[in-house]
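Worksheet: one structure, shown below.
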């Protein structure tokens with residue numbers, strides 16, 4: 001190469017080296033904002049999913065005592081079971097309500113404003129559950145769990161939206177995986193706090209349930225120091241100066257211009273459009289594949305068998321020789337595995353991409369379903385099979401955390417532009433919470449009917465979703481929201497022009 005050409009390339013190479021160096025690590029303000037968002041969002045949800053398991057016997061004893069003092073008679077076994085199941089499951093109904101109002105609140109109050117206001121539900125729930133024992137009202141537990149469910153629903157709806165909107169394109173996947181990382185950390189924290197060595201003793205259960213106020217207080221102390229979503233400020237509110245200031249704080253002075261240009265392009269594409277309502281998305285044919293995709297992946301996240309695997313975990317741990325009083329520690333081990341894979345997913349997602357991780361996760365889960373069914377079927381044939389079952393439990397949980405658990409919420413965020421995103425999260429969250437509720441309701445009957453062969457049903461779910469994602473969902477890594485929308489449009493045009501069979505399929509959907 002001539003010396004002149006080399007000299008001309010030097011400034012470009014230097015510039016490229018500087019940019020790659022700058023993109024190695026996000027701005028500290030951005031990381032702190034993401035931490036504050038997640039600690040009061042999905043961490044809360046995960047914590048309250050798992051923390052209720054440890055004090056089961058203690059809360060039931062409290063209900064029995066309260067009932068006896070109130071009515072001078074012992075509560076019947078059926079009534080006790082009904083009250084306990086209500087305390088546990090009303091969390092999902094609260095979550096369903098929370099997710100339906102989360103999208104609307106995120107438009108009215110802003111993403112940050114909604115997250116901060118959401119802590120009111122958490123603090124009230126902590127107060128009610130903490131006081132329930134001293135005032136002798138188990139009804140406070142039901143109300144508290146319902147309120148904390150609303151908090152979880154709003155958090156799961158708004159948190160990934162906020163994270164996706166404050167992140168630069170290059171870090172959107174990594175920061176978006178914070179949703180699943182903090183969810184799994186929350187689950188693990190709830191399991192650890194419920195151990196006898198921490199707050200698992202009978203006299204401590206009201207304090208255990210009221211600790212949900214701690215992440216709420218942390219968010220209220222940290223998040224107000226950070227700005228509202230730059231995209232919300234410019235596209236929804238038309239506040240260009242506020243958007244610039246937010247970008248400077250979150251992205252730094254060097255990157256704020258390119259981020260502003262990206263947001264302005266999206267704004268120009270959405271000129272004249274108002275924020276859509278959930279039912280309007282169903283009528284919009286240009287969004288049908290995106291909408292179908294989030295419905296499929298959110299149903300699959302609850303119907304893929306991970307809840308069933310946790311259900312069988314205690315059984316296989318006992319079969320492998322782990323004493324009954326030590327099984328909670330083995331369960332904590334599964335939670336730690338899921339935390340590890342969620343963190344791994346966050347590190348790999350910008351390298352491997354969303355599609356590889358979520359498809360690979362579902363394929364590995366499909367394989368685990370087959371092996372787990374076989375090991376359970378031959379449980380009494382050889383002492384080796386119980387240990388193989390334990391290996392399948394951990395492999396399944398690892399596969400879920402690495403793929404579906406980490407990527408689903410990121411895709412919910414990336415497949416839609418600003419005007420459709422809040423409504424899309426309402427639909428995705430509604431599908432997710434309804435599926436969660438149905439699994440809790442129907443799973444015991446499925447286990448009774450099919451026993452360990454129920455994992456063949458989950459094999460069909462996991463393999464079908466893997467095929468769907470391979471065929472329909474494009475890779476979204478390092479693409480702006482506008483580019484992702486254009487890719488869906490171009491894919492639809494290509495499928496429509498491929499002949500009558502494909503045209504019929506497009507028309508049906």
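The backbone N, Cα and C atoms fix where each Cβ goes, and this holds for glycine too.
Restricting the average to the domain 'Major facilitator superfamily (MFS) profile' (34-477) gives a pLDDT of 89. Among the features that TrEMBL reports, domain 'Major facilitator superfamily (MFS) profile' is placed at 34-477.
Here the transmembrane segment (30-49) has long-range neighbours at 91, 95, 115, 118-119, 122, 145, 148-149, 151-152, 155-156, 158-159, 162-163, 166-167, 171, 175, 178-190, 212, 215-216, 218-220, 222-223, 226, 250-251, meaning same-chain residues at least 6 beyond its ends whose C-beta is under 8 angstroms from one of its own. Residues annotated as transmembrane segment in TrEMBL: 30-49 (among others).
According to TrEMBL, the transmembrane segment annotation covers 82-101 (among others).
Remote same-chain residues near the transmembrane segment (113-131) are listed as 37, 40-41, 44, 98, 102, 105-106, 137, 140-141, 143-145, 147-148, 150-151, 154-155, 158-159, 162, 206-207, 209-213, 215-217, 219-220, 223-224, 228 (criterion: CB distance under 8 Å, separation of at least six residues from the stretch ends). Residues or ranges marked as transmembrane segment in TrEMBL: 113-131 (among others).
Summarising the annotation, TrEMBL assigns transmembrane segment to 137-158 (among others). Residues 40-42, 44-45, 48, 52, 59, 62-63, 66, 83, 86-88, 90-103, 105-106, 111, 114-115, 118-119, 121-122, 124-126, 128-129, 131, 179, 209, 212, 216, 409, 425-426, 429, 432-433 of the same chain sit 6 or more residues outside the transmembrane segment (137-158) yet have a Cβ under 8 Å from a Cβ within it.
TrEMBL lists 170-192 (among others) with the feature transmembrane segment.
The transmembrane segment annotation in TrEMBL covers 204-226 (among others).
Feature annotation from TrEMBL assigns transmembrane segment to 291-313 (among others). Remote same-chain partners of the transmembrane segment (291-313), defined as residues 6 or more beyond its termini with a Cβ less than 8 Å from a stretch Cβ, comprise 281-282, 327, 330-331, 334, 358, 362, 365, 369, 372, 376, 393, 396-397, 400, 404-405, 408, 411-412, 415, 424, 427-429, 431-432, 435-436, 438-440, 443, 447, 452, 454-455, 457-458, 461-462, 465, 468-469, 472-473, 509.
The feature transmembrane segment is assigned by TrEMBL to 329-349 (among others). Long-range contacts of the transmembrane segment (329-349) within its own chain (CB-CB distance under 8 A, at least 6 residues past either end) are made by residues 50, 173-174, 176-178, 180-181, 183-185, 187-188, 191-192, 195, 310, 313-314, 317, 322, 357, 393-394, 397-403, 405-407, 410, 477.
Marked as transmembrane segment by TrEMBL: 356-378 (among others). Among residues of the same chain six or more beyond the transmembrane segment (356-378), those with a C-beta under 8 A of the stretch's C-beta atoms are 297, 300, 304-305, 309, 312, 316, 345, 348-349, 385-386, 388-389, 392-393, 395-396, 399-400, 402-408, 411, 452-453, 455-456, 458-459, 462-463, 465-466, 469-470, 475.
Summarising the annotation, TrEMBL assigns transmembrane segment to 384-411 (among others).
Annotated transmembrane segment per TrEMBL: 423-447 (among others), in sequence order.
Within the chain, the transmembrane segment (453-473) has long-range Cβ neighbours (under 8 A, six or more residues past its boundaries) at 289, 292-293, 296-297, 300, 303-305, 308, 355, 358-359, 362-363, 365-366, 369-370, 372-373, 376, 411, 446-447. Residues annotated as transmembrane segment in TrEMBL: 453-473 (among others).
Counting Cβ pairs under 8 Å to the transmembrane segment (82-101), the stretch among 170-192, 204-226, 384-411, 423-447 with the most such contacts is 423-447.
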